[in-house]
Amino acid sequence: MESLKVLAVCLSLVYVAKASFFEVRYPSVVVAAETGGNLTIEAGPNAGNIYMTPGTRGTVFIGRTDMLKLFEIVNSQPPIWGQKAPYGSLGTFLGGDNITVQLTAMDPEGSKLRFEKIAGALPPGVLLSASGLLSGVAPDVDATYEFGIRVVDEQGKYADQTFTIDTRELDQCRSNPCKNNGVCTDAYGNYTCHCTTQYGGRTCTINCENEAVGVAYGVRKIPDAQMSGYYAFGGSDHKAYEGRLESTTGWIGENAASWLQIDFGNERKVHAVATQGYSDTFNLVTYKLACSVDGNSFIDAASKNFTGSGASFKTITKQVLPSPVICRYLRFLPLTWTNSHPGFRVEVYACDEY
Ligand SMILES: *[C@@H]1O[C@H](CO)[C@@H](O)[C@H](O)[C@H]1NC(C)=O
Ligand SMILES: *[C@@H]1O[C@H](CO)[C@@H](O)[C@H](O)[C@H]1NC(C)=O
Ligand SMILES: *[C@@H]1O[C@H](CO)[C@@H](O)[C@H](O)[C@H]1NC(C)=O
Ligand SMILES: *[C@@H]1O[C@H](CO)[C@@H](O)[C@H](O)[C@H]1NC(C)=O
Ligand SMILES: [Ca+2]
Ligand SMILES: [Ca+2]
């Protein structure tokens with residue numbers, strides 16, 4: 001072996017001097033013809049063969065083309081889909097359900113596979129990963145989504161298949177979420193309740209006629225600053241915030257031009273009110289209610305007068321409005337009273353949602 005190498009080096013030394021056609025560039029061997037000459041490698045006659053054998057991890061090039069790679073591409077078989085479902089159906093999913101489907105394919109050569117969408121539309125919110133996993137949340141609609149997926153091997157050989165995913169809208173009203181005869185309307189992943197007159201809240205569980213906004217002295221959800229009075233008896237001696245139900249005092253108006261106003265802070269649907277008198281001397285016999293959403297223009301909350309007096313000035317007299325009315329500002333306007341001036345304390349019953 002050593003002697004051959006030495007010989008080869010000698011040969012190269014000999015021929016490099018001329019226009020080379022056999023050259024040893026240690027450790028490679030180059031065989032080249034003269035400029036314009038052809039290189040012919042010829043096997044022996046009578047079925048002699050020519051072998052080009054790359055070394056381990058080596059290859060054979062013609063020009064810049066890697067011949068082994070080329071043969072690999074030529075010989076590679078396309079992947080084969082694993083999904084055999086009729087019409088490519090991947091299933092039916094109910095709105096809001098998780099969709100998790102692994103597409104399967106195998107390659108005859110065992111090549112690594114990549115999945116990609118080539119046509120159609122996946123359900124919104126569902127994604128396809130390169131490894132063929134479809135995942136996401138089924139949209140809450142009745143629909144069929146059809147799409148084409150290509151699975152590609154490392155040689156670029158591919159197989160296409162069309163799939164479908166069906167989604168079914170989930171009826172969120174199925175569980176009858178609306179109470180007290182409220183009417184349920186199904187929505188995208190949700191529902192809304194349309195409550196009967198008396199009820200409120202998301203599921204109509206609140207009886208609005210009993211839902212105090214909190215004027216009463218023991219509750220005071222309505223702060224002092226949201227209570228105001230016009231034309232009080234004795235001027236500043238009688239503050240509007242004294243007009244709270246069960247307060248030890250009360251608010252006293254001067255006459256029928258006076259009013260006590262509650263600002264809820266936002267629009268409410270007012271269903272009922274309650275009043276107490278201030279004392280035996282200052283009581284409230286009848287009154288009207290006025291309602292406003294902007295604090296400027298007021299309308300009658302009901303086309304009727306309410307009775308405020310009870311057996312005693314301490315009696316709480318609750319009055320349900322003939323029909324609920326939407327207000328942010330509610331005024332109590334005294335019409336008739338005992339003795340010289342109208343004196344009273346109030347609470348309001350209303351729902352937030354309507
Ligand atoms: C090389 O081969 C081509 C094609 O067979 C031929 O036309 C050409 O004459 C050859 N060149 C020489 C120098 O033999
Ligand atoms: C859907 O998947 C999410 C995240 O993996 C999980 O939190 C949720 O509980 C699943 N929902 C259902 C209905 O399986
Ligand atoms: C349904 O709608 C209500 C009111 O709009 C909202 O508070 C709630 O978060 C929604 N629920 C879902 C599951 O989207
Ligand atoms: C309400 O009371 C006022 C004053 O007492 C009276 O003039 C009016 O007619 C009454 N309205 C109704 C509808 O009873
Ligand atoms: Ca293949
Ligand atoms: Ca729905």
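All residue numbers here begin at 1 and follow the chain in the order shown.
Keep in mind that glycine also has a Cβ here, set from the backbone N, Cα and C atoms.
In sequence order, C178, K179, N180, N181, G182, C193, C195, T196 make up the list of same-chain residues 6 or more apart from C204 (disulfide bond) whose Cβ falls under 8 Å from its Cβ. Residues or ranges marked as disulfide bond by TrEMBL: C195-C204.
Over the domain 'EGF-like' (169-205) the predicted model carries a mean pLDDT of 93. Annotated domain 'EGF-like' per TrEMBL: 169-205, in sequence order.
The feature domain 'F5/8 type C' is assigned by TrEMBL to 208-351. Break the domain 'F5/8 type C' (208-351) down by DSSP state and the numbers are 12 helix, 69 strand, 63 coil.
Look at TrEMBL and you will find 1-19 tagged as signal peptide.
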Task = Kindly assign C204 (disulfide bond) to one of the three DSSP-derived states: helix, strand or coil.
result = coil
Query = Quick one: what's DSSP say for C195 (disulfide bond), helix, strand or coil?
reply = coil
